[in-house]
């Protein structure tokens, strides 16, 4: 039996996240059905990151066990011929049997896009968070620096998380302005439930002057979710890299 790894890009707008749900359409379910059409096999597709409803992926990694004889390099063509236009397999390769898309991952990187201008941009409404008041980028950058390193991120975790440990290491957190857009990228060894979106929401409060930049350190140390900012909406979030 082979262990096949695939790299997937998707527009999360029309999906209830990655993970299979009984009464909703998810990315995992659509991909598993496509694999069955192509190989004739029911597979258990393991994703590196269980993205939420409306969240996008420019680099999602998944793996599945299969007996198919289709060469790995032909699989993307076969799968894309039966997949909808908003899910694309860009790479497939055979990997060792022990490879697990989720548990073998060492780091994950996300990008969050904010549109910071007076009016919404209709063509981007499903792909960014519109904030109409000007954000102070320099203050946001100062606040972000407190979050780099190994910390207890309980203050940036939504309720409903099944993870027991709340300690995570953030290796990189950058904020760049590109005309009307603000791009926030964060890389860590793992993320708690809604952690990226709560960090973005908190940094937006700093940018708006609702929270002082040095208060972010106090919020982090408090381990109290109620002290942090709002949870940023899902449509601005992109999974952009999995590092093994």
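Here the Cβ of each residue, glycine as well, is placed from N, Cα and C on the backbone.
Copied over from Swiss-Prot:
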| type | residues | note |
| --- | --- | --- |
| ACT_SITE | 52 | active site, nucleophile |
| BINDING | 110 | substrate binding site |
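Residue 52 (active site, nucleophile) and residue 110 (substrate binding site) have their C-alpha atoms 13 Å apart, to the nearest angstrom.
According to its DSSP assignment, the residue listed as 'active site, nucleophile' is coil. The number of other Cβ atoms within 10 Å of the Cβ belonging to residue 110 (substrate binding site), over all protein chains shown, comes to 25.
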